[in-house]
Amino acid sequence: MIQFVFGSQWGDEGKGKLVDYLAADADYVVRFHGGNNAGHTVIVGEKRYPFHLLPSGILNPKAIGVIANGVIVDLEVLLEEINNLAKDGYLLKNKLLISPRCHLIMPYHKALDEAYENARGKNKLGTTRRGIGPTFADKVSYNGLRMYELLDWKGFVEKFTFQAKIKNKILKLFGVKPISVKKELVKLAEHRKTILPYVREVYPVLQKAQNDNKKILLEGAHGVMLDIDWSPYPYSTGSNIIRGAINTGAGLPVSRINRSWAVVKAYLSRVGGGPLPSEFFGKTADQIRERGKEFGTTTGRPRRIGWLDLEAVKFTTSLAEANRLAITKIDILTSVKEIKVCISYKLNGKKISYVESGYRELAKLTPIYKSFPGWTEPIDKIKKFSRLPKNCRYYLKFIEDFLQIPIFYIGTGPERSQFIKI
Ligand code: GDP
Ligand code: IMO
Ligand code: MG
């Protein structure tokens, strides 16, 4: 059984919590794209675990965590995550595999991300400044360094020094302080020792797992609206987010995926710049932001708030071939008097689809809304769909009918146990 979880909006839909739930009986939990721009939260009792690189399902004692080749890795961030889990008794020895094909996010990538963002001034994109774009750029221009290079330290030092010297020249052009090659190499030498025991080719492991009918759970990062090809570029992130990325990023055949879970937040949020047709402001937006704790898991930035955009989600769920919906954070809409949903777009009086709109059109078009009456009853302890307030059920049914994909999970709170299974 292979399951795939992906974000159907602009990220932070609640993927981490769903992955943690689905991982309860998984044999392998796999990240296959993106980097530590991802921030996936799992809450266990009083403890909050923000996962950036480790798969969010790793808390499950049975599951082996896999960081497959499509992921780009900042060693410092990964080691911090491993150490934080160890403090709570989650030991990853023999429980984590990292592909030697993963590209490394280097200190100069972070410096370049920062320098580009600062230089863009008012046109900044709002990246997480984690070095994501520059690392993927180096990967496709053959200037990247893979985890594999760490196996031969002498060779690594030579390649790192060559790249760092060139990047330092670019940083100088930006008027930014260059990185210290010597100091960074001292840190990298330390990180290397700790990370190498986890590094091995994961392809045969995942192939055997699928041949043995093991349960494999693939954790998408970000939201499809940020996909490098299908987003309103350049308001994007550096990787592909759709099913096809599983084939390139983990070597698994997409035809073998049984369940494709689209995580749909009952409203939407976005961090970073770019057009967001259903964005709204004011008291209700502020209330949703506060109650929904809509502040970036990675950067802490306040998230922009919008109504659920079904025109966009219709596109992403079709592109990613979703066959199951997980609706999250419906509890946050309790007490919102009038809930709106964007059902189509109009530009100059004519209908226009999401896929036909570039960033200029998305910024100008008019979202067409359908309004729903809200409910006031708290729903965070409800365990059965039939017990939800009538208006809430009506809202959920509308989403299901509109997208023509069945709902299998409804998130009713941030805690592990707060959900309705259908
Ligand atoms: P991800 O990036 O998609 O994994 O999402 P994040 O973890 O960045 O953001 C989702 C936030 O909402 C986290 O703080 C979660 O703990 C929280 N969350 C997830 N599902 C629910 C839900 O159904 N209700 C509420 N109230 N919070 C949720
Ligand atoms: P999760 O996995 C929300 C956004 C950034 C920025 C754009 C480019 O938690 O859903 P980058 O640093 O990737 O080059 O920034 O992408 N972005 C996310 N926004 N959640 C995420 O991940 C994101 N990953 C990238 O805010 O707009
Ligand atoms: Mg997140």
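Using N, Cα and C of the backbone, Cβ positions are placed for all residues, glycine too.
Keep in mind that TrEMBL annotations are predicted by a computer and have not been checked by a curator.
What TrEMBL records for ASP12 is active site, proton acceptor. Cβ-based neighbour count (10 Å, all protein chains) for ASP12 (active site, proton acceptor) stands at 29. According to DSSP, ASP12 (active site, proton acceptor) is assigned to coil rather than to any helix or strand.
Annotation source TrEMBL lists active site, proton donor at HIS40. Sequence-distant contacts (6 or more apart, same chain, Cβ under 8 Å) of HIS40 (active site, proton donor) comprise LYS15, GLY16, VAL19, PRO50, PHE51, HIS52, SER56, GLU219, ALA221, THR297.
Per TrEMBL, the feature GTP binding site maps to 11-17, 39-41, ARG303, 329-331, 411-413. Just so you know, the Cβ of GLY11 (GTP binding site) picks up 29 other Cβ atoms within 10 Å once every protein chain is counted.
Under the heading IMP binding site, TrEMBL lists ASP12, GLU13, GLY14, LYS15, ASN37, ALA38, GLY39, HIS40, THR128, THR237, ARG301. Annotation for GLY39 (IMP binding site): spatial neighbours ASP12, PRO50, PHE51, HIS52, GLY296, THR297, THR298, THR299, criterion Cβ-Cβ under 8 Å with sequence separation of six or more.
The annotation Mg(2+) binding site is assigned in TrEMBL to ASP12, GLY39.
According to DSSP, THR297 (substrate binding site) sits in a coil region rather than a helix or strand. Taken from TrEMBL, the feature substrate binding site applies to THR297, THR298, THR299, GLY300, ARG301, PRO302, ARG303.
Distances between the Cα of THR128 (IMP binding site) and those of the binding-site residues GLY14, LYS17, GLY300, ARG303 are shortest for GLY300.
Around the Cβ of THR128 (IMP binding site), 22 further Cβ atoms fall within 10 Å across all displayed protein chains.
Looking at the residues that bind IMP per the record, ASP12, GLU13, GLY14, LYS15, ASN37, ALA38, GLY39, HIS40, THR128, THR237, ARG301, the two CA atoms farthest apart are separated by 19 Å. ASN37 (IMP binding site) sits 10 Å from GLY11 (GTP binding site), taking the CA atoms of both as reference points. With a cut-off of 8 Å between CB atoms and residues at least 6 apart in sequence, the same chain places THR41, VAL42, ILE43, SER56, THR328, GLY411, PRO414, ARG416, PHE419 near LYS17 (GTP binding site), listed in sequence order.
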